[in-house]
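Worksheet for the structure shown next.
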Amino acid sequence: MRAALILCLMTLAALHLLLPVDILQADPSLASLLLVELRLPRTLLVIGYGATLGLTGAALQTVFANPLASPDISGASSGAVLAAVLGTYWLAITDPILLALLGTTGALMTLALLLLIAGRNGDQTTLLLGGVALSLALGAATSLALALAPSPFAFYDAFDWLMGGFADRSLGQAAAALIPALIASAWLLGRSNALDLLALGDDVASSLGVRPKRLATETIVASSIAVGACVSVCGAIGFVGLAAPVIARRVVRGHPGRALAPAAALGALLLLLADMAVRLLPLNRTLPIGVLTALFGSPLFFWMVIRARRSVTS
Amino acid sequence: MTALLNASGVSIPGRLQASSLTLNAGEMVALIGPNGGGKTSLLRAIAGAEEASGSVRIAGERLTAVGSRRSRLLGFMSSSREIGWEIPVADAIALGTGPISAERLGELFERFELGPLADRPVTRLSTGERSRVLMARAVAGAPLVLLLDEPLSNLDPYWVLQFLGAMRERAEEGGCVLCALHDLSLLPRFDRAVLVSDGAIQADAAASLIQDHPRFGAIFRVQPDERGGWEVRPPEGRRSSP
């Protein structure tokens, strides 16, 4: 199963990198330039962002003991978006790497606020609700910042980016997003076993040497850094972080911690498919990728809610 | 007698006063006391489920090791019967116990009659069935110290006896068991009883003698009746009146 997943991922990545044959034949030097400057950062970002969403989604669902949790739940994505919007439209920052750093800072500040709100003894529910409240508040603040921005086109201009996109990103931007994401993801992967033990409940997990509260805080911090960095370069993309872990757990017999690695692979796979669909759909303008993932992801969310309702009533 | 568990001065602010307890190899000890008296706090403090001051040593070793090594020292079943994810029964038993041999798994399946449920997700089990999974998990690593928080609640009489049998087996194999329970009629099946109330150990005696302890009646507010069961003890004032 794992081998099939990796093979699938590699095939899709190769397909994603592929350039139209006519360009290859017409001008090989232009083709190699396009490949390195345009296609490579795009493929890397799609794989990296997708994997980050899947992995952080799986980790957050485990610490919140809730299959409906997702990376945007901590408010980190919203914080990154607000910081990037303020940087772009109010501070006139154009350097993409500076913007990526600003986004990550926004995510981290949101997180600090969340931990402050939840307090020292805050449990998972407090953190979850605090994150949802922060996301709503920051979303409103982003709309306000765009509505009152000096540029009258800010709202229209920001739409594409807010809903996620991978077009015209540089290798530098890819590095700014993916290096923090990679470090945070590696840290999370190292906690797979401890996360698995949380399934037994906090008390039994503690008796096995896990420190559940500390693990939850560290997981939220690592996830926010990873997602914040990606969001500030490619915008917010929903539902991949929710769907990938749900499918991944079916591959690993339901183990929430062991699902981290396959969730990363599935996240990358889903986003590669979505980005190829966005590129290849015969529309007269490019669809923001977040719209597509939401269109396909929301039915899954509804299905999960209905399933949860059934298990409550039965 | 070899002391296996040495808890000394274990305390949780506001809930558990500094308590010391030693359990010896081969002992099956009941932890009794009224609701809210501190049984769960004491168990959680010893199991490391809650930050507590004092020291806990198992066979002279501090509980710092993590993972499968730890499951050889300590098996813990908490009062919660929840397992939040759709993990199959066979996998849930092995969670945190390290690699478990097929032979051992077979033994546990047989002992707790879980074979037919092996591939069923734990979320689709009844509370009693989940108790069996969690008990099997707690004993899977053959731990030296077995800590059980009211494992017998929600069980039918057959499974109460089976669980007591599994505890006795662990004690006879050289381990020791500390088991919180409410059903005082089961006391004769234990070697020793520790009475906890108001966040402190109030009495520690042979299980057959604990009900004769001077504080037993006042703490539980029950007394043996003529039929060999228990009846509510009249309040002090009323009893002294003619």
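Start at 1 and count along the chain as shown; that gives each residue its number.
Each residue, glycine too, has its Cβ placed from N, Cα and C.
Record features (TrEMBL):
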type	residues	note
TRANSMEM	A:44-66	transmembrane segment
TRANSMEM	A:73-91	transmembrane segment
TRANSMEM	A:97-119	transmembrane segment
TRANSMEM	A:126-149	transmembrane segment
TRANSMEM	A:220-247	transmembrane segment
TRANSMEM	A:259-281	transmembrane segment
TRANSMEM	A:287-306	transmembrane segment
Stretch in A:44-66, A:73-91, A:97-119, A:126-149, A:259-281 most in contact with the transmembrane segment (A:220-247), if contact is a CB pair under 8 A: A:44-66
The transmembrane segment (A:126-149) touching the transmembrane segment (A:73-91) per 3+ Cβ pairs under 8 Å rule: yes
Same-chain residues at least 6 beyond the ends of the transmembrane segment (A:97-119) whose Cβ lies under 8 Å from its Cβ atoms: 74-84, 86-88, 126-127, 130-131, 133-134, 138, 172-173, 176-177, 180, 217, 220-221, 224-225, 227-229, 231-233
Surrounding residues of the transmembrane segment (A:259-281) on its own chain - C-beta under 8 Å, 6+ positions past either end: 2, 5-6, 8-9, 12-13, 15-16, 42-43, 46-55, 57-59, 166, 185, 188-189, 192, 195, 237, 240-241, 243-245, 247-249, 251-252, 287-289, 292-293, 296
